[in-house]
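Enquirer: Please read through the structure below; I'll follow up with questions.
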């Protein structure tokens, strides 16, 4: 069966997450419903990152197996037609080898977390950022974040529901940028790693907000990491600021 | 009565426009309802730009007259509290002299029009951009736009409903930028003038889209302008891409 890689963008707001659930709307369910309009009996699809309820994606990647040969552009347009009016769009499609796997072939996941740091409530950005009203000290956040980069036991920063076999992961990058937007000041936390633990990014960001607002000294991030204890983590940041921005493969299927 | 200038941000989507209407939700109505929670009998408020249905604002300015003396920050916070959950926020407040007028004291209005230029339907940006699927030639758009800058009779580019006494206005700037965003390519059209005619920006943008897509040669913008005939205008671009970004005064009341 010909296999296709799909790059997917979505507003996670109306969904219970990526993963199919029989009683609630999911992004996987929306795409599978669109595929079912094209061919009967299309197998389940798998994605590189199973985003949680409310988390958005700019560059989620999944793959699907079709019975017929489709020109990738035709497949993309047909899926987008049937995805209407869901806030889900296929932004790229490519033919891939039959042993290519969106999840297992991936070598890198990239996330962005957007904090809107202003007093007045978000209007246009509602549902697309985490709004923090207290002014955040970005230099202090960067000092705290420096402790997290590299290979560590991240037990403190993973959900108790996390199903990964090991809490040891390598965080390749965690960069914090200040961005002036039409709405004021945003703080963008960008992260990349081969893979992430469940709730790891939101646990990082909630902890770094404690540092930025002055509640925690930056060194307390190191102590929290060393504790290897979920109870040492700061609050988990809310999902609506989080974006899966991209997935890296040995060769970019969409290039 | 002490007078206050308010800088207002809103998502125009759910509103019939800035201006109060007795049977439909308006931004003015939302702010006046919040004011009525603070004091009885607050007079009607006036704004620098009466945005149409669906048009957004980052920096609309209005003024209000209060019976009591309010610290501007307290007034802003109280209004924002009562504006919930409307997508309207007061982002700055300032005391101004009693003869200061949001509309008549203004010397400049600034607008931004966002075009999302990609094939796949917008998800996160739905309602915040005009999506154009055909690739647009920005250089051609700039050539067309050059004809519009300066002092002209803009009869072609104003709504037949426009109530301005004269169609002669001076367009101080019309800049077109290409911006790479998480969602792909956006084209940002930024404009400034002392004042604009009704539907002028959307008439410009709809006309320039004809040029960018290759349907019109750039010189046809000049011919349309010279015709001084509404029928010579291109289509009017939809409201959801338009933002009132700021209003200029001899002295910035919020500085």
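Residue numbering: from 1, along the chain as shown.
Here the Cβ of each residue, glycine as well, is placed from N, Cα and C on the backbone.
Per TrEMBL, active site, nucleophile is recorded for A:52. Annotation source TrEMBL lists substrate binding site at A:111. Among the features that TrEMBL reports, domain 'Pseudouridine synthase I TruA alpha/beta' is placed at A:9-104, A:145-250.
Let's see these features in context: how buried, what's close, how far.
Expert: Cβ neighbour count for residue A:52 (active site, nucleophile): 18 (other Cβ atoms within 10 Å of its Cβ, all protein chains included). In the three-state DSSP reading, residue A:52 (active site, nucleophile) counts as strand.
Taking Cβ-Cβ distances under 8 Å and a sequence separation of 6 or more, the neighbours of residue A:111 (substrate binding site) in its chain are A:190, A:191, A:192, A:196, A:201, A:242, A:243, A:244, A:245.
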Enquirer: Could you tell me the mean pLDDT the prediction assigns to the domain 'Pseudouridine synthase I TruA alpha/beta' (A:9-104)?
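Expert: Mean pLDDT across the domain 'Pseudouridine synthase I TruA alpha/beta' (A:9-104) comes out at 96.
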